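Database features (TrEMBL):
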SIGNAL    1-25  signal peptide
BINDING   Trp128, Trp251, Trp329  substrate binding site
ACT_SITE  Asp207  active site, proton donor
ACT_SITE  Asp363  active site, proton acceptor
Amino acid sequence: MRLGGFKAALAGALAAALLVPAAAAAYVEGLPDSALGAAPDVRPVFGQPAVPPVPALRDCVPAGYPRADNGRDPRGLDPRSPNPLAGLRFFVDPTEPAFQEYAEAWREGRAERARLLARIAYVPRARWMGRFTRPNMKKKIRDFLECVAAIQPGTVPIIVVMRHQGKQCSDTYDGGGPAEDARTKAWWDDFVEVVGDARVVIGFEPDSIGTIECLAPSRRMARLQLLRYGVQKLSQLPNATVYLEAEAADWQDPELVAEKLRIAGIQYARGFMLNVTHYEWPLNNIRYGWEISRLVGNKPFIINTGSTGRGPYQYYRRVEGRLKRFVTWCNPPRRGLGVPTTADTGFARVDAFVWLDRPGLSDGTCNGGPPVGEWWDERAIDLARRATTWLYYPQRFF
């Protein structure tokens with residue numbers, strides 16, 4: 001779809017977004033019914049396979065690596081090739097906190113809590129891997145992939161790789177310098193070795209593009225060259241669909257992002273991913289993605305919709321006589337779950353809406369949250385209560 005056709009697409013999508021009661025009903029109807037028994041016997045939702053009794057990774061019997069064949073090239077480097085995600089069944093992880101909490105609530109007879117947590121538990125979402133995947137990173141990744149094949153054969157795991165270092169933001173911050181770059185390359189090398197021929201979807205290095213200006217000027221090109229090395233390595237994986245980080249619609253101009261992507265080796269990936277750590281509306285990201293795509297050879301993209309059901313939390317403040325928009329990106333209040341993971345988006349060049357941000361886990365110690373990546377029960381329940389499938393503001397927003 002050409003960029004000039006966005007207004008027509010926007011009008012159609014807005015009309016769909018206004019059907020709030022129907023969308024909400026669809027969300028509710030996809031959830032387990034209390035008459036179906038204990039958690040392990042709950043029927044599959046959102047077209048996913050049934051989930052067996054809640055295991056631990058150590059309980060998985062090795063069964064090889066994830067395999068799936070939808071008749072399409074998994075790498076999909078040619079943007080004209082068919083969507084490599086279409087028709088795949090994505091892994092629903094019963095070892096994640098959301099499913100564990102859901103199963104416990106179900107068994108304890110806490111029906112309302114179970115109903116809400118099921119909205120997170122049964123949606124395929126990304127498993128993040130990086131410097132925190134330790135000790136014995138290679139074994140942990142191998143165990144995870146074997147567990148996927150053992151408990152849900154035929155499904156494909158979604159993995160977010162985040163190994164780059166971004167702890168500060170200043171003109172003197174070097175991101176660990178060349179020594180850290182070498183460690184990052186070695187980590188990626190090990191990751192590629194372990195993944196091997198497994199069928200996986202990989203989101204590569206969220207926030208790595210958008211935070212380049214947080215590095216010392218002398219280190220900014222080094223970041224892009226580092227990412228290029230990583231994308232080239234991942235492109236060697238025969239059954240991996242790779243999407244490179246490309247910020248979000250409420251971040252930098254698409255022309256600047258496209259320039260960074262070209263240097264970072266976008267040609268070696270299927271495409272790029274948007275909104276991983278943000279809450280911006282999907283339709284704004286679709287428009288933003290189209291603008292970037294046009295500048296990088298029409299590469300397709302995926303959009304994080306895990307917590308976009310109520311859009312961004314924003315406010316305006318007068319700065320030097322002009323109103324300026326501010327967005328809260330870290331644990332913003334009163335947000336909601338968004339469109340569940342699907343490769344059936346209805347939009348050209350949008351390969352999938354994907355839950356990349358792991359709803360229910362904290363963004364960090366901000367706005368009352370626990371450390372980053374920890375389960376935050378109160379927030380998980382609130383996100384589930386406010387879940388919608390809106391792509392943009394409905395006529396009445398509350």
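Every residue, even glycine, has its Cβ placed from backbone N, Cα and C.
Taking each of the active-site residues Asp207, Asp363 in turn and counting other Cβ atoms within 10 Å of its Cβ gives the largest count for Asp363. In this structure, the binding-site residues Trp128, Trp251 were compared by how many other Cβ atoms lie within 10 Å of their Cβ, and the smallest count belongs to Trp128. Separating the Cα atoms of Trp251 (substrate binding site) and the residue listed as 'active site, proton donor' is a whole-number distance of 11 Å.
In the structure as shown, the Cβ atom of Trp329 (substrate binding site) sits within 10 Å of 17 other Cβ atoms.
When secondary structure is read from DSSP and collapsed to three states, Trp329 (substrate binding site) falls in the coil class. A separation of roughly 13 Å, to the nearest angstrom, links the Cα atoms of Trp128 (substrate binding site) and Asp363 (active site, proton acceptor). Secondary structure from DSSP puts Trp128 (substrate binding site) in a beta strand. You'll find the Cα of Asp207 (active site, proton donor) roughly 12 Å from the Cα of Trp329 (substrate binding site).
Between the C-alpha atoms of Trp329 (substrate binding site) and Asp363 (active site, proton acceptor), the distance comes to 8 Å.
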